[in-house]
Amino acid sequence: MAGVQLNVLTTLDQAKTQWYHFLAIVIAGMGFFTDAYDLFCISLVTKLLGRIYYTDVFKPDPGTLPPNVSAAVNGVALCGTLAGQLFFGWLGDKLGRKSVYGFTLILMVVCSVASGLSFGHTAKGVVSTLCFFRFWLGFGIGGDYPLSATIMSEYANKKTRGAFIAAVFAMQGFGILFGAIVALGVSAAFRNAYLAPSYSQNPAASLVPQADYVWRIILMFGTIPTGLTYYWRMKMPETARYTALIARNAKQAATDMSKVLHTEIEESAGRVQTIAVNGEEWGLFSRQFLRRHGLHLLATTSTWFLLDIAFYSQNLFQKDIFSKVGWIPAGKTMNALEELYRIARAQALIALFGTIPGYWFTVAFIDIVGRFWIQITGFTMMTTFLLGLAIPYHH
């Protein structure tokens, strides 16, 4: 800002790490926690959906979702996420982070419940309504992604900004683990309450009617953390950077931050008018922005793109890998609820011993070794282990 910065922003940048920063991590991180739960819990129940709606008891193996249906059920939320990121990212700059973030959470609650209540008397009807509501669930998740990260970055101080933002993203690991734990608990409860033989012993009896409740409960359970996140987020003030630089109300920003940082911040109501705001001078598609930040933007978005190909495909379809490598038995040797239980257990183990430690390793070292080497290490390990999965392949 031409070498000059508002007092409230200087105070934020230089503030010592305190309780309010950790509260912001938890509240913004719960958005990522819920996003991961809602996006990846579907991978736990797709085999169960295949058994319920596509089983032919005269065939030697239990039913599975046809490839096109499986792709739609697993991927439709990501289509909504793409649209939601673009729409709510833009809207967050127009209306503010707080109000738009609240709306995305409400949308996620409504669509989580609606996904679990997917209606219809046929497989096509249930899958169609499930896909419809999961698209709009993804639309809400798409808004939550950029807003949660932006909220944390705008609250953080300079010294520990990397660790704070990494901690928010690290909540995804706990969301994946929580989804697996919920699936473990629900499937175990129904499995013990409604005993059933394996498919190979009795195809018809291996799928109890009550199994239809299981996947619905798992999908709807995501409303609980979402509702809690909404309550606590609405108690937080708007971020000072939005209030001061976009809403142009530096005095209100100073008042808000004085309360949460427990320090007196003086700010003139008209001072913001005298400071050049970079965001107004350099639009996203302006020459100035492209010259100064174009390469940064390209590098960041391209690495996110490459990461997400591995991250989402692995989390959505690793249940199929479990079967192929023999980590869980063939479907016909189990009943429907036993298969869900074993899938959830395998996913919980991966989250507990792989995903979560990896996230928190980054949180611990990102401000020590730097962003570049952390990312190089992550991509190297992903490349190595994906090749390890793919190369020893036998038809």
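Glycine too: its Cβ is placed from the backbone N, Cα and C atoms.
Note that TrEMBL annotation is computational and uncurated.
From a predicted model like this one, the values you see are computed outputs, not experimental measurements.
What TrEMBL says about this protein:
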type	residues	note
DOMAIN	24-395	domain 'Major facilitator superfamily (MFS) profile'
TRANSMEM	22-49	transmembrane segment
TRANSMEM	69-88	transmembrane segment
TRANSMEM	100-119	transmembrane segment
TRANSMEM	163-190	transmembrane segment
TRANSMEM	213-232	transmembrane segment
TRANSMEM	348-366	transmembrane segment
TRANSMEM	372-393	transmembrane segment
Please determine whether the transmembrane segment (213-232) and the transmembrane segment (69-88) are in contact (criterion: at least three Cβ-Cβ distances under 8 Å, sequence separation 6 or more).
no
Chain residues in Cβ proximity to the transmembrane segment (22-49) (below 8 Å; excluding those fewer than six residues from its ends, i.e. six or more beyond):
64-65, 70, 73-74, 77-78, 81, 101, 105, 108, 112, 127, 134, 137-138, 141, 144-145, 147-149, 151-152, 155-156, 164, 167-176, 178-180, 182-183, 211, 214-215, 218-219, 221-222, 225-226, 228-229, 232-233, 236, 312, 315-319, 331, 336-337, 339-340, 343-344, 347
Should anything in the same chain at least six residues away from the transmembrane segment (372-393) have a Cβ under 8 Å from its Cβ atoms, list it; otherwise answer none.
303, 306-307, 310, 314, 321, 358, 362, 365-366
Folded-back contacts onto the transmembrane segment (163-190), same chain, C-beta under 8 angstroms, at least six residues removed:
21, 24-25, 28-37, 40-41, 44-45, 148-149, 152-153, 155-156, 208, 210-211, 213-214, 217-218, 221-222, 225, 315, 337-338, 340-341, 343-345, 347-348, 351-352, 355-356, 358-360, 362-364, 366-367
Mean pLDDT for the domain 'Major facilitator superfamily (MFS) profile' (24-395), rounded to an integer?
86
